[in-house]
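Before any comments, here is the structure.
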Amino acid sequence: METVSLSLWNAPRAEAPVVATVALPGSKSITNRALILAALADGPSTLTGALRSRDTDLMIDALRTLGIGIETAGGDTTLRVAPGPLRGGAVDCGLAGTVMRFLPPVAALAGGTVDFDGDEQARTRPLDTILNALRGLGADIDGDSLPFTVRGAGSLRGGRVTIDASGSSQFVSGLLLSAAAFDEGVTVHHDGTTVPSMPHIDMTVEMLRESGVEVSTPATGGEADTWRVSPGPVRAVDRVIEPDLSNATAFLAAAAVTCGEVTVPLWPAETTQPGDAIREILLAMGADVRRDGANLTVRGPQQLTGIDIDLHDVGELTPTVAALAALADGPSHLRGIAHLRGHETDRLAALAHEINSLGGNVTETEDGLTIVPADLHGGTWRSYADHRMATAGAIVGLRVDGIEIEDIGTTAKTLPGFENLWATMLSASAGTGRKASF
């Protein structure tokens with residue numbers, strides 16, 4: 001499994017308001033869902049604008065291991081997927097939650113044994129919810145966390161299962177994505193506190209329906225907290241992948257914290273991506289946010305204001321929002337995100353520790369963070385092998401001299417070349433002749 005370098009990266013301070021146009025690669029969440037659906041489809045399909053990152057490459061490698069043909073065409077971001085008989089093999093999940101939670105249902109359909117493992121940090125991530133659910137649907141599985149083994153029998157009965165998905169919406173999405181291939185489909189009932197990151201389940205449902213799969217949800221008159229996928233074919237669909245809006249948030253934040261202006265092209269008019277919520281968040285913090293055709297532009301205020309916000313549905317934006325809050329002019333309260341303690345790291349503890357180590361004033365609450373602005377100083381910002389922790393440190397570094405980020409390379413999980421994109425954004429800003437006033 002992969003060993004990462006723990007070298008330090010000097011986060012550049014913005015010497016001028018950040019003014020740039022930043023084109024982002026495709027969405028990880030959409031790419032990996034599209035790969036699963038294409039692998040189970042009734043014919044070949046093409047994905048255009050697919051993200052190529054560690055997480056998506058792990059998914060591609062895993063599907064190839066299981067017998068799916070995946071080739072590049074006209075560049076790495078165009079993928080041709082040819083379904084085939086599923087077979088056994090060894091799957092490396094790395095740190096990719098979408099691989100370790102979306103692939104086991106596929107493996108249960110394979111005609112052989114599939115062994116799963118991942119990075120050391122991944123072995124603490126909760127997986128028993130989806131593995132126990134699969135057992136209840138007829139799968140033969142050894143283990144409750146990485147490493148574990150799925151003994152595929154070539155088919156899976158399916159049926160009804162009750163789970164507690166309050167720890168991650170991926171438990172629901174993972175079961176739904178493959179369910180049309182189960183003999184009885186699947187009915188997933190959630191019994192627990194509110195499911196986090198509901199937009200990701202909406203994304204899964206939308207993509208299933210685009211593939212001709214019949215899905216019943218609470219929003220369409222189905223049973224409360226219950227999702228039903230009927231058995232049947234998955235239609236092959238050629239897809240154009242949207243830019244990754246969650247990755248875009250760090251670049252838009254750069255405009256917000258430097259009184260600058262950043263434009264992201266091809267921002268979708270309608271989307272299920274949680275990253276779209278950054279528009280309302282930045283507006284609430286005093287930024288100007290506007291659309292011009294397919295472009296989204298953020299213009300930063302003279303001073304960001306604090307925010308009191310429930311991030312339960314968009315928890316992956318928490319590191320970006322915490323970095324913004326640490327540079328605002330008043331206190332912020334980030335709520336509804338207790339589930340982040342089970343992500344790549346305990347993101348709440350990590351954010352509190354790293355901001356406080358720079359002189360900040362952050363307190364963990366039962367379900368979030370209270371952030372009171374303070375004069376920050378330079379120091380080492382640990383990434384915890386967490387891509388969003390690394391980009392949060394880069395945002396803080398725009399305003400604070402001497403920030404050194406440990407293992408910036410972890411951003412390759414969802415955004416390879418982040419450092420170059422960041423440097424290009426800042427070099428474009430240097431040519432504007434504007435001076436920083438923060």
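Including glycine, each Cβ sits where the backbone N, Cα and C put it.
Phosphoenolpyruvate binds Lys28, Gly97, Gln170, Arg347, Arg388, Lys413 as Swiss-Prot records it, and from the list Arg64, Arg123, Arg125 the residue named for this site is Arg125. Using a 10 Å Cα-Cα cut-off around Gln170 (3-phosphoshikimate binding site), the recorded positions Gly97, Arg125, Glu316, Arg347, Arg388, Lys413 reduce to Gly97. Within 10 Å (C-alpha to C-alpha) of Arg388 (phosphoenolpyruvate binding site) lie the following recorded positions from Lys28, Ser29, Arg33, Glu316: Glu316. Of all the Cβ atoms in the protein chains shown, 24 others lie within 10 Å of the Cβ of Glu316 (active site, proton acceptor). For the pair Arg125 (phosphoenolpyruvate binding site) and Ser168 (3-phosphoshikimate binding site), the Cα-Cα distance reads 11 Å. All protein chains included, Gln170 (3-phosphoshikimate binding site) registers 23 other Cβ atoms within 10 Å of its own Cβ. Secondary structure at Gln170 (3-phosphoshikimate binding site), taken from DSSP and collapsed to helix, strand or coil, is helix.
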